[in-house]
Amino acid sequence: MGYEAGNYDVIVVGAGHAGVEAALASARQGAKTLVLTINLDMVAFMPCNPSVGGPAKGIVVREIDALGGEMARNIDKTHIQMRMLNTGKGPAVRALRAQADKFQYQHEMKKTMENEPNLTMLQGMVDHLIVKDDECKGVVTQTGANYRAKSVVLTTGTFLKGRIILGDLSYSSGPNNQQPSIKLSDHLADLGFDLVRFKTGTPPRVNSHSIDYSKTEIQPGDDVPRAFSYETVEYITDQLPCWLTYTSLETHQIIDENLHRSPMYSGMIKGTGPRYCPSIEDKVVRFNDKPRHQIFLEPEGRNTQEVYVQGLSTSLPEDVQQRMLSTIPGLENVQMMRAGYAIEYDAIVPTQLWPTLETKKISGLYTAGQINGTSGYEEAAGQGIMAGINAGRKALGKEEVILSRSDAYIGVLIDDLVTKGTNEPYRLLTSRAEYRLLLRHDNADLRLTELGYHIGLISQERFQAFQQKKEAIEAEKKRLYSVIIKPTAETQEFIRSLGGSELKDGIRASDLMKRPEMNYESVVRLAPAETPLPSDVCEQVEIQIKYEGYIEKSLQQVEKLKKMENKKIPDRIDYDAIKGIATEAKQKLKEVRPLSVAQASRISGVNPADISILLVYLEQGRIAKIAE
């Protein structure tokens, strides 16, 4: 027999990386928010790699921070190492990556949530949704507690019908041997949602005391203090190194000899795995010409001896894993503390979502994270903050927010999911973004902080500091556009010392900065500012001036896109009434129900000819609609 347990504006189901961002975003907007999670000891748990950031993903973390989210602040307080990647490349692909103390990361995030006004945390498993007239009204837990809400966000990770597979052993489980969620998955199917079966995996963990580090290569963090959050002022300087080693031909031989025992190749695993994070057995089979593969040894925290063996994700039997490890330089006598495993789980087909992450089928129900078919903590957190923002705004009677592909990598991620769908765990890559020169690590605040402030997630104090930074950037750019550097003997000597060609005439400081050998620091040696500027202001000035032409070209492309985005497609349009559109295109348009012509043009199977016919039809104004 059920009972009424409470009323809230928003309920978030799950407290992983999507759930914590969703809950905090909702509560910080003023919505009374409840988080229900299977185990309160596992808030923001990292079941796989103990790291945050990397190419594209690191930019997402910055975007979450610019909007007012928590992931960046939390990793800045709890990392053991920080590195800027791709420093030898252009600003569009630079990205920050941090090794996390995974246990401290959990502890700090749970503390943040416990201290958040408007946020209640409860341990409990949700079995059903309360749905009436295609509207989600709340949830029911396995104990029969009925919690009512105006919006519900599902962030269930890999728990939906989770199944762990290790060799020929298979059992129902969430990650790290936690309870799986069985009934909720069946309930979603009963409600009419299309589900898919995906798979991911994790490598073994080994005892640091048993590693011979003299046979590995040290991978230290950066000497320059770095941070993900724009608010961080205190930097961790006591960093721990990671270590690099490689598989050997003997490792590959053991894998080849035991492929018949691999669940991936025996048919035990039915779910589709991540393309960009293959298992070691997959790598050995697919790249059999490679004599070795990189293995990174990553400490899981400051107060544990467990080391994550990155690059060795596997579901081979335990005895094979131990033999495999002993063939890797430095790991000959290693003690395996936890075996690697694969986990299968249910996810929903994400084309069943609007760009707000609300489901099309049931109003007031939102989904975020791995339930939407993505992989990665950062992708989950990016969806989480947007689902939390929109669930909170819907509950409070406010207009929902959609990030476009030109606004943020989060916008690219969500648009890809809801427009194209995915047939494998989706990973965000820089190559997925058309406007990556605009979506940089360094300018996330310039792109999104104003929006975060208007939503209510950025404080007045932080917003004022942001405005001062913007003004300082514009003032310094204006100065450099007007200052003329004359070809004095001293100037010519300095330019020659940098490998540049001498000036023929006076030149604007901004034009001099565009030379490949020049940067902001070298230009201000010749044209000093009245007072030294903060490093983040200097960085912005340099990038905006140096890449001015390319940035301008990208902005022109964005303007064209916006014109297409502004051509809205009416709700309930009857595509069958439009003559000339190909049958496949009609099927896809009816399935996705795009909100704009631009979104329609990105659907797989919809061709330019179909878009031209759609545009003509919309301009005629006589639009047939299907009955509600």
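The backbone N, Cα and C atoms fix where each Cβ goes, and this holds for glycine too.
Note that the coordinates shown come from a computational prediction; the quantities given were computed from them, not determined experimentally.
Here is what Swiss-Prot records for this protein:
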type: BINDING; residues: G14, A15, G16, H17, A18, G19, V126, S181, Q370; note: FAD binding site
type: BINDING; residues: 273-287; note: NAD(+) binding site
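Recorded features from Swiss-Prot, shown on the structure.
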residue : record              : CB count, 10 Å
G14     : FAD binding site    : 29
G16     : FAD binding site    : 28
A18     : FAD binding site    : 34
G273    : NAD(+) binding site : 21
R275    : NAD(+) binding site : 13
S279    : NAD(+) binding site : 27
E281    : NAD(+) binding site : 25
K283    : NAD(+) binding site : 18
V285    : NAD(+) binding site : 17
F287    : NAD(+) binding site : 11
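Non-local contacts of V126 (FAD binding site) by the CB criterion (under 8 A, 6+ apart in sequence, same chain) comprise V13, L36, V139, V140, T141, Q142, S181, L184. Looking at C277, Q370, the binding-site residues in this record, the fewest other C-beta atoms within 10 angstroms of the C-beta turn up around C277. If you compare Cα positions, V285 (NAD(+) binding site) sits closest to Q370 out of the binding-site residues G14, A18, Q370.
The secondary structure of V126 (FAD binding site), as reduced to three states from DSSP, is extended strand. Of all Cα pairs drawn from G14, A15, G16, H17, A18, G19, V126, S181, Q370, which the record names as binding FAD, the longest spans 18 Å. Under DSSP, G273 (NAD(+) binding site) is assigned to coil, being neither helix nor strand in the three-state scheme. Taking CA atoms as the reference points, R275 (NAD(+) binding site) and A18 (FAD binding site) are 22 Å apart. Of the recorded residues, K283 (NAD(+) binding site) and A18 (FAD binding site) place their C-alpha atoms 29 Å from one another.
Q370 (FAD binding site) has S279 as its nearest neighbour among the binding-site residues S279, E281, F287, going by CA to CA distance. Spacing of E281 (NAD(+) binding site) relative to A18 (FAD binding site) is 30 Å (Cα to Cα, whole number).
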